[in-house]
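As written in TrEMBL, here are the features:
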- A:220-379: domain 'SSD' (DOMAIN)
- A:18-36: transmembrane segment (TRANSMEM)
- A:227-247: transmembrane segment (TRANSMEM)
- A:254-277: transmembrane segment (TRANSMEM)
- A:283-304: transmembrane segment (TRANSMEM)
- A:325-348: transmembrane segment (TRANSMEM)
- A:354-377: transmembrane segment (TRANSMEM)
- A:398-424: transmembrane segment (TRANSMEM)
- A:613-631: transmembrane segment (TRANSMEM)
- A:638-660: transmembrane segment (TRANSMEM)
- A:666-685: transmembrane segment (TRANSMEM)
- A:706-728: transmembrane segment (TRANSMEM)
- A:740-765: transmembrane segment (TRANSMEM)
Amino acid sequence: MLDKLVNGFETHLFRNRIWVILSFILMTVFLGYQASQLKMDAAFSKNIPLNHQYMQTYTKHQKNFGGANSIIVVVEDTSGNIFNANFFDVLKNVHDQLFFIPGVERSQVKSLFSPSTRFTEVVEDGFAGGPVIPADFTTDDYGLGVVRDNIEKAGIVGRLIATNYSSAMVSAQLMEFDPQTGEPLDTIAFADQLEEQIRGQFENGNIKIHIIGFAKMAGDVAEGAKGVVFFFLIAIAITAVMVYLFSKSLTLTVLPLVCSLMAVIWQLGLLTVVGYGLDPMSILIPFLVFAIGVSHGVQMINGVRSRVLAGQLTKSAAASAFRSLLIPGGVALLSDTVGFLTLLAIDIGIIRELAISASLGVAVIILTNLILLPLVISYTDLSKLEPNEQTKQKIEKLWLKLSMFATPKYAVWVLICTTLLYLFGYQQSANMKIGDLQGGAPALHQDSRYNLDTFYITNNYSITTDVMSVIVEATPEACTYHSVLETIDEFEWQVANTPGVESTASLASVAKRVNAGFNEGNPKWQVLPRTTASLVQAVGRVPTTSGLLNGNCSVMPVYLFLKDHKAETIEVVIDKVKQVAQQLNTPDIQFKLASGPVGVMAATNEAVSEAQLPMMIYVYGAVFVLCLISFRSLKATVAVIIPLYVVSTLAQALMTWLNIGLAVSTLPVIALGVGIGVDYGIYILSTMSGKLTNGMAVQQAYYEALVERGSAVIFTGLTLAIGVSTWFFSALKFQMDMGILLTFMFLVNMLGAIIILPALSAIFWPKRK
Amino acid sequence: MSFSILRSAVLVVVASFAATAHAEKNVLAAQIQPLAQTSLILDITATNNSMVAVGERGHVLVNQGQWQQVATPVSAQLTKVFFLNDKLGWAVGHDATIIHTQDGGMTWSIQMQSFDIEKPFLDVHFFNPQHGIAVGAYGLFYRTYDGGQLWQPEFHQELLFEEDVSYLAELKLEDIALYESEKAALLPHFNRVIALSGQRLLLVGELGLVSYSTDLGNTFIKTDFGYEGSMFSAIEHQNQVYVMGLRGHVFKSDLSLSRWTKIDLPVESSINNAFITPDNELMFVGNAGVVLQLKNDNIEIVTRRQGENIVAVTANPKGQIWFGGTKGLFQLP
């Protein structure tokens, strides 16, 4: 019945082929215009699992305490000493410039020049104090001397001033929305402004500018992502050469490439239509679409070519190739699409975007390469194609050798080796790490400007960017109760003593120091006073701009500064926080995870590791159902899925081995790899299953499948692998990781389909000789 | 007569509070934590074969080769530790806490603690295994005659300012409750009590308090001292007595304690403590991380450690000097 449907469809299409082709061209013009409107887009909130419990705490308190979206600009004097007129002028200008960039939360800009930067000192009759930079500040020796003393008194060395006095910091929080337009803040444009208006304007021989923060990182990632265009051209060139070598025909080289590029254009255009931008993370999708398009295109030209060589006319060869490939090709592409759509189950915006853009792209290929391509081919004249008998014989010899895998004798050995490999891979994959394994921004290489800036700042300041805050939710005016602050203090102390925590800060610990200040600076009074009056006095000195309490001190974060943001470090700290929180939580005082950059990472790590198993189940479930539908045979389905599963496991082992953590960027790779890897098996087994049903011996069936589709399958594997392997050279570390993993999955899945799959078939259909 | 009744009444109250507080909050015992060594340390003392340091959260650390935190039954901040000999020692601190050891600091038991007094002890001194005194904020003064089984409060009226004496006398007749609360707050902080040569005690404290006693601290005589800022510590060295305190104020006098002269310091930070080094030189430590040394009548800066206040200094039997402060225990390179 299905065949009838396909035949009817074919007749209809080929009869109206000119109109079909014309409508494709119109569509391409429309979507090409849409694609030209596509913008780079990297919003912070897309990268985090917004519905995760930690992120709800994060969102709830973001307004009061700033979130994780901060920007730090460090101005360095290359002479190693900041106390000169030029430096202070530049620092003031940087402060003002940053203050006025749209999107900066102006109340949160902090530097030596912000009015909230004050010092206090103890004198005989109490406190004395003032702004670190006095109102009558002049950049002469006297003025600089005063500032130098004030800096010491204010205790901001290591926070706003480098510990070696070679640089000073300006920090700011970013808003989610641009206050002028009300639109979401354009992170990449913001990063460009930082680069132009801060670094471009002020960096020179004497002054170095270091900038870190999510927005800057996103900007650098977008910048690095532009290099992808170059890789794309290389991938097209290599693919073109390979297709030519395969087809030995210029026409048959150009057509699949053009159709595949058309798929890419459609995919990019559709992104604009559905209202998405191009995220640096999903920029690899066009590669995949192109490579998948080419590989299906190659199946198509292979089908047409062999039929033409067998003596058919080009048009009828195209029609017949269309008939025979629509179902297996459609199923393969459909399972890719479904495989990608399963990524929607992961509650991280960026992965969902990836899922949608990838499944759109792959679905489009069904139209461009399974329908349009044969229609266009039907207009060409391939009668001049000459079979190359010598090559043909060589290849047939290879097929004969390969078909030995489908004999029980070899199959046993193949399966034993596969089992051993699987066991090895399984054992290794258990050690796969979650999260980012390196310091700095994991998306970028260790020696990128951004990461060098990060390392400069973490080395010269006592702050680290690896901050997690635990939010203490209590009753209004809670900070005036000794018991509340004592509980916070107890919490802070226990967590401070956790491996991986470098230092901590909270209202409790600051109030203790203020209390010492009220007692003549005597460290013996560095305690939380029991009398309410003294406690209020101590807490009252701490402004809300410190980020240690909100207006009515019902909310008080505890900041944990960690030694790095490796998943293990985060996990140990999170476990400890949970344990201590459980012990100290009462209805009136609740310790809630988590905010700050590491809080976000913790949530992401948890979301990613929780998503891993369901994602695998969905992907395999989808592939299983689709194979079952198309083969109507459990044995065939299992024979396709087992090699895939072995390869996924080996890919995880490879991640362990190469120190690639399971992160937002690498999580989808497994799904993509499985989704595309299944194509090979489907193409081979769809040819075999008909013959097996008719009673043919496994080896013979496999041999004939190889003759028909083998070269296309191997070719596809190579094309896909080459397309993604150009990412090894990407400026972006995560693209490199994805490139390595996808190359591995494409190649090894191809090997699995031509080695493990026939061996399994030999065991599953044993009685046929 | 009425005075002693009152005294025992207070004691009963204190004792019952100490008991209940202790019973209900067993979690208050100090936790053994890796950071104890690098968190606030307020005093270090050396015995013949070890050093004992005390600090925040009831921390006690013993050094018999290396620092090791030992368990204590309190989590209140400890401000001072005193050893009479290698075995017998007392540590005092906030929440009017006094703990005692009989084995050189390895194990400790509570002798006194009261959250209600709301005052810290700041120093403790024993004349012999039975007889000792503990002093603290707002004239807090307790004495024991039985090694600390029973601590009894004393009120050192002789250290009040004259106008306060008459004010209190009037108040006692009018409003006994207000009298009690005022009495508890009028005396200055007693920051440090040390033994001087000639069987004398020296007590220094808030508001320029520098006084001595010739009768084991039963009565004190104020010296004529010009400065009105707080004095945090005192030391006797080569027949000179040095007192030191707020904002770089250090004074010295001969043993008559009547001729005080100010010593000029190269820093303006408060000086918290002094110490006689194994080389018999006088060393001062204080806020803003200063370590100073007296050389040929001249005070020189040894070091200034950033972002740190130094409170404690001592040397172990090998002559190695250890310091303690807001960032814990350390030695100078």
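Heads up, the Cβ atoms here are built off N, Cα and C, so glycines get one too.
Between the transmembrane segment (A:254-277) and the stretches A:325-348, A:354-377, A:666-685, A:706-728, A:740-765, the greatest number of Cβ pairs separated by less than 8 Å involves A:354-377. Against the transmembrane segment (A:613-631), the recorded stretches A:18-36, A:638-660, A:666-685, A:706-728, A:740-765 differ in Cβ pairs under 8 Å, and the greatest number is found for A:666-685.
Listed stretches A:18-36, A:638-660, A:706-728, A:740-765 were compared with the transmembrane segment (A:666-685); the greatest number of C-beta pairs under 8 angstroms is found for A:740-765. Outside the transmembrane segment (A:638-660) by six or more residues, the chain places 418, 421-422, 424-426, 428-429, 431-433, 437, 616, 620, 623-624, 627, 631, 666, 669-670, 673-674, 677-678, 681-682, 685, 737, 740-741, 744-745, 748-749, 752-753, 756-757, 760-761, 764 with a CB less than 8 A from a CB of the stretch.
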